[in-house]
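A.B. asks: As annotated by TrEMBL, Mo-molybdopterin binding site applies to Asn79, Tyr82, Glu83, Cys137, Thr172, Asn220, Arg225, Ser236, Ile237, Lys238. Residues or ranges marked as domain 'Oxidoreductase molybdopterin-binding' by TrEMBL: 99-254. The region 'Disordered' feature in TrEMBL is assigned to 41-62.
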Amino acid sequence: MSLRDALRIPATEITDEAVYRDRRRLIAALAASTALALPGCAEADPPAPPRAPITPQQARSGFRTDETLTRIEDVTSYNNFYEFGTGKADPSKARKTLRTSPWTIAVSGECAKPGVLDQTDLLKGLTPEERVYRLRCVEGWSMVIPWLGVPLAAVLKRFQPTSKAKYVAFTTLADPRQMPGLVYRSIDWPYREGLRIDEAMHPLTLLATGLYGKPLPQQNGAPLRLVVPWKYGFKSIKSIVEIRFVEKMPPTAWNDLQPDEYGFFSNVNPNVDHPRWSQKTERRIAGTASKLFAERIPTRLFNGYAEQVAGMYKGMDLRKWF
Ligand code: MTE
């Protein structure tokens, strides 16, 4: 069975890998060969490849941005996944040790149909779609990533949450045999995150299964991770093994560790600084920009998704509920 079959993504839904990876290389190679005949052209940067235009519906929904993508080599080599170490390059070790199949997810709590399901059953009948989102880390860097995934709401509804389900809690696998970073108590493992139910059900909230048209690499949180684009990246919990519908705001890993640094909501907000990092600007890692010296751009409220999500926080003091 091919990977595409395994993910049940129709060919029409997948942009060929060449569009992402090889076009630039091809153009560069062509430019180089032309340069032999046309001296002086060798330095020219190849023109950016054309991308499918964004439909007005996609723009309105925030499902796709046409900002320059972060290169796949950066998306998969500059990561935060503390279960594998605290260095940006450490998570790529996950490729060797994290077994992502079989993989079960336990769903419990305030719902009519709790269960323990294999990942394929969890996603049965749902077709992963592409979403091109900005990802803003609280450390002050950002990326633009073409994810594949299903709306989290479509998955959660299958378990029929009750009216008592006010929040959804998520837990990452914590297996020291697969995750060497667990020996360091940098976090009180397992990594835990949570969303209010309306945030979890919001159309932008994605349960990601892949990126750049391929299954999710281990270092990015295979086989299933959250992507909540208007919140700081740490809310986008990786390698999920448990989902619980709960009545009270659930404890979360970073909030437990430093409650005055990491709030439960953690909506991207340039007006509320983290004690160690200004949140006014961000280092955008995209295209061929250097990772460490990339251009600084202004950070936008709700990471630029205010039109879609601000209504959920009406009347809330965002300084208090940071
Ligand atoms: N999930 C788990 N389980 N462990 C982690 O350390 N790091 C978070 C988030 N999810 C983290 C996690 C942080 S701080 C960020 S910025 C994003 O993952 C980074 O996602 P990426 O490595 O795919 O860019």
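Count begins at 1; order follows the chain as displayed.
Positions of Cβ are set from backbone N, Cα and C atoms, glycine also.
All annotation found in TrEMBL is predicted automatically rather than curated by experts.
Thinking about packing and proximity, how do these listed features fit into the structure?
C.D. replies: A strand conformation is recorded for Arg225 (Mo-molybdopterin binding site) in the three-state DSSP classification.
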A.B. asks: For Asn79 (Mo-molybdopterin binding site), which DSSP three-state class applies?
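C.D. replies: Assignment for Asn79 (Mo-molybdopterin binding site) reads coil.
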A.B. asks: Validating a neighbour-count step here. Other CB atoms within 10 A of the CB of Arg225 (Mo-molybdopterin binding site): how many?
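C.D. replies: Step by step: centre on the Cβ of Arg225 (Mo-molybdopterin binding site), count other Cβ atoms within 10 Å, giving 23.
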A.B. asks: Can you give the largest Cα to Cα distance in Å, as a whole number, for the residues Asn79, Tyr82, Glu83, Cys137, Thr172, Asn220, Arg225, Ser236, Ile237, Lys238 that bind Mo-molybdopterin in the record?
C.D. replies: 19
